[in-house]
Amino acid sequence: MKIINLGILAHVDAGKTTLTESLLYTSGAIAEPGSVDKGTTRTDTMNLERQRGITIQTAVTSFQWEDVKVNIIDTPGHMDFLAEVYRSLSVLDGAVLLVSAKDGIQAQTRILFHALQTMKIPTIFFINKIDQEGIDLPMVYREMKAKLSSEIIVKQKVGQHPHINVTDNDDMEQWDTVIMGNDELLEKYMSGKPFKMSELEQEENRRFQNGTLFPVYHGSAKNNLGIRQLIEVIASKFYSSTPEGQSELCGQVFKIEYSEKRRRFVYVRIYSGTLHLRDVIRISEKEKIKITEMCVPTNGELYSSDTACSGDIVILPNDVLQLNSILGNEILLPQRKFIENPLPMLQTTIAVKKSEQREILLGALTEISDGDPLLKYYVDTTTHEIILSFLGNVQMEVICAILEEKYHVEAEIKEPTVIYMERPLRKAEYTIHIEVPPNPFWASVGLSIEPLPIGSGVQYESRVSLGYLNQSFQNAVMEGVLYGCEQGLYGWKVTDCKICFEYGLYYSPVSTPADFRLLSPIVLEQALKKAGTELLEPYLHFEIYAPQEYLSRAYHDAPRYCADIVSTQIKNDEVILKGEIPARCIQEYRNDLTYFTNGQGVCLTELKGYQPAIGKFICQPRRPNSRIDKVRHMFHKLA
C-alpha cells in the first residue's frame, strides 16, 4: 500500500480545519464532518489555534482512498522563526497550501510557501471558498504569480452556471509554464512540432516532485465542492519519500506529547522497514528499546496495531526516546535540508496566580519543553523564581494557551528581555594561591583567558600535567570554570573565548576536588575583571516583502530600530528589503510593518548570530551561591 504523509497549511480563516474534515468525510473515513463552531473537529480544537491559525497540539489523522493511505499531519511551528517552521515540515511527503478565494495571499501564506520551497516539498495550491460572492479568480492567479511563484499551472476551470462547478482544464494554454521551463519542449514549440501529451505530463510531474512547479485546484471545503477531485490528485500525484525494497528499519521521532493521564507518547515516522510489536530496536550504539505497545492512525482514529509499515506514522508510549531520536539504521534516513535549532533569545519569569498550582506549573513546563526544543526553563535556587528561555512572542502565546486549556493553570509572565552574552576584550591571567588570604580553599588555581572570534564558543584547555595534578582535581577545575562561564561581569553567559588552566597546587591529604571546583569560578571572575568584557546581543537576518510605497518608510524607520538595510529590489510592484536587526527590535519593526502596509507586508527572519551590543549595557542579577559568594566579595574588595 502506498502511504503519503501530507501537510495542510493555510493562513487564519482560509479553511484548513474545514478542509481536513471534508477530506475525511468525502473519503468515507468519518460519518459526518466535524464543526469548527461546535468544537467537534479532529484538529485545531484549542481557542488560540482557531483565533491565530496556529497548530498547537499535533493531530495525526488519516483516510484511505482505494489503495492509498493518506496521513494528514498538522504541522506546528512558531511563525516567529523560519527554523521552527522548517523543522515541523521535515516529516512531510507533500503539502496542500490553501489560498482563500476571498482573502487572497496573506502574509502567513507567503511565510509558509517560503518554507515549503526551502524544504523542496512538493506542493499543491487549493483555492478554497470559490462559492462566495464577489470572487475574482483571475486576480487571485495574478496575485499568486506575483507574491508566491510564477510557476503555477491551473488544472481546473470553475463554472458558474447553472451552479458553481469544477471541471478539468483542457486548454493547451495551461501548459505554457511547463513548456517554457524545458529547453527541449520549448525548441519543439518554436519549430512548430507537435507535442505528445505524455511528454508534457511527464515534465509537469518531474518539476512538481522537485518542488519547482505548483498545480492549482479549486473548491469549497465547507460544501464539499471539488474535494473528491482533490483527493484523487493527492492519491496520484504525491510520492512517498520511503525507499523501495529496503527491509531494514529506520524511523525518526518528530513529536512528543503527553496524555491527560500524563503518559508520554512519541510520534515516529517510519522511513524504511517494518516495525513489529515486541521488536527490540537499537536507538543508539549502547541502547535498545522493546516495543510493547503501538498505535497507528486509521480512518480518522488511532488504533492499536501489531505492525507499522514503511512510510507510516506510529505512536509509541515511551519515556526514553527524544525529539529527532532515530530508531534503527540512521544511514537510511532521507537526506533533507538540515535545519539547526536556533538558540532561545528571550527570557522571562513565570509564576502562578494561585500558589497551590506551582507544582502543576513545573510539571507542565517539563512536559511542554520535552516536545519543544526552543523552550528551556530552570528554577533559581535562591529566589525560587521560574525562568523561561524561549524564541519569540508567538511561542509564548502558545505556551500560555496550553497552560490554560490543557493544564488549567493561570500564569503571570513578566515582560521578556533579550538574552545577552559576554566576550572578553583582551587576554588576561589570574592566580589565587593556597593559604594566601582570603582564599579559604585547599587549592591553588591559575587561569588565562583570551578572546576568540564571535561564534567560536568556549574552548577549554589544561596545561597542567596529569602527573602533577591528578584527573579528579583537573575535572573539578574544568567543572568550576564552566560554572563560572554561566555568569560573567554583567551576569550573562561568557562565550567566544579560550580558557587555559595554567597552574594548580594541592596539599595532600587535605585538598579535595571540591576545593578546586569552588575556587575556579572565583579565579575566572578575577581574570575576566582584568580582561574586561563586551556585551553581545543576538542579531537577525530579515527579508521584507512590502508594497513599493513602503520603501521610504522602511529607510526612515531603520535607524530607530538599529536596522541595517543591505539590499533593495523592486519586483512586481513590490519592494524586497534585506538586512540585519537586533533581536530586541524585531517585534516593534514587525508591528510597524504590519500597520503601515495594512497587513500586506511580510517579514521573514533567521538568526544571524551574536554581535557587539549597541547602547547602554544591561546587567542581569547574579544568581547567589552560598558556598562561594562570601569569598567572591572578599576578592572584590581587594580589587
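Quick reminder: no glycine exception, Cβ is built from N, Cα and C everywhere.
Per Swiss-Prot, the features are as follows:
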- 1-244: domain 'tr-type G' (DOMAIN)
- 10-17, 74-78, 128-131: GTP binding site (BINDING)
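Sparsest Cβ environment among the binding-site residues A10, D13, K16, I130 (other Cβ atoms counted within 10 Å): D13.
Confidence across the domain 'tr-type G' (1-244), taken as the mean pLDDT and rounded to a whole number, stands at 85. The secondary structure of D13 (GTP binding site), as reduced to three states from DSSP, is coil rather than helix or strand. A coil conformation is recorded for I130 (GTP binding site) in the three-state DSSP classification, outside any helix or strand.
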